[in-house]
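Peer 1: Have a look at this one before I ask anything.
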Amino acid sequence: MAYVVIKCGGSILHQLPDAFFENLVQIKARFGLDPVIVHGGGPAISAMLEKMQIKSQFKNGMRVTTEPVLNVVEMVLSGSINKWITRRLSQAGAKAVGISGTDSGLLTARKIEAPNLGYVGEIESVNEQVLHALLRQQFIPVISPVAADKNGQRLNVNADLAAAAVARKMNARVWMVTDVPGVMMEGKVLPYLTPGQVDGLIQKQVITGGMIPKVRAAVECIRSGVKEVVIVDGTEEDSLLFLAGGGKTGTKFTGNGVLIDG
């Protein structure tokens, strides 16, 4: 079997057209590619924290996660956003199951040893048997990246890191869904990048603004052992279908300077 981990950031979710969810059904039927979705939800978490008047701050790009913040993170990610995605998939004809990293020990994490971050974790292990059991029954797993440590303590895990860990365990490629065609240079999409090229392009301001964290997340995926990452525009109709069929769309990242087609 071939697998693809599809990482959807919280800022893109509500921009995704019906065709995106229909494509997730079609890539399995037409190309035998089993999708596993890992999602974030930063903007929705921030909005709920503000609504509940709970203070929140970031350090080094990570949300400081106190117990009250953690409760909201789990409520928003594992509750409202996770179920919104499964509803959209069901409407598209998919059999989707929403789960979190705490379910059946799917994602075991350890607390990041950094001062004053609170309950923020990094993935230690992935119980891929949970995913295989769902996939064998033709379900699409939709994963909220709230995990737990070996003692059952909940931890807030970055969705990019969770997606990379799942992809490594399942020997899967990663598609990072955005609302742009890919990494652009002089008005054209760069079809391929390697980690070694990224810093130079950032310094030259070819890669700027909101694309910087997306590209760095892709690089971290490659450096952590994922063989291939593609930044793809999820708002473009049939982009996933085109990509699954071997079409050239978005920006593909590969390791060791080797460019891999297909």
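Numbering starts at 1 and runs along the chain as displayed.
Cβ atoms here come from the backbone N, Cα and C positions, even for glycine.
Remember, TrEMBL labels are computer predictions, not curated facts.
The model shown is predicted, which means the values in this text are computed figures rather than measured ones.
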Peer 1: Determine which of R63, R87, R110 appears in TrEMBL for the same substrate site as G41, G42, N156.
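Peer 2: Matched candidate out of R63, R87, R110, per TrEMBL for substrate with G41, G42, N156: R63.
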Peer 1: Compute the C-alpha separation of R63 (substrate binding site) from K214 (site 'Transition state stabilizer'), stating it in Å without decimals.
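Peer 2: So the alpha carbons of R63 (substrate binding site) and K214 (site 'Transition state stabilizer') sit roughly 17 Å from each other.
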Peer 1: If one looks at the chain holding G42 (substrate binding site), which residues at least 6 apart in sequence have a CB under 8 angstroms from its CB?
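Peer 2: Spatial neighbours, sequence-distant, of G42 (substrate binding site): G9, G10, S11, R63.
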Peer 1: What is the Cβ neighbour count of K7 (site 'Transition state stabilizer') at a 10 Å cut-off, with all protein chains included?
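Peer 2: There are 30 of them.
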Peer 1: Which state, by DSSP, holds G42 (substrate binding site): helix, strand or coil?
Peer 2: helix
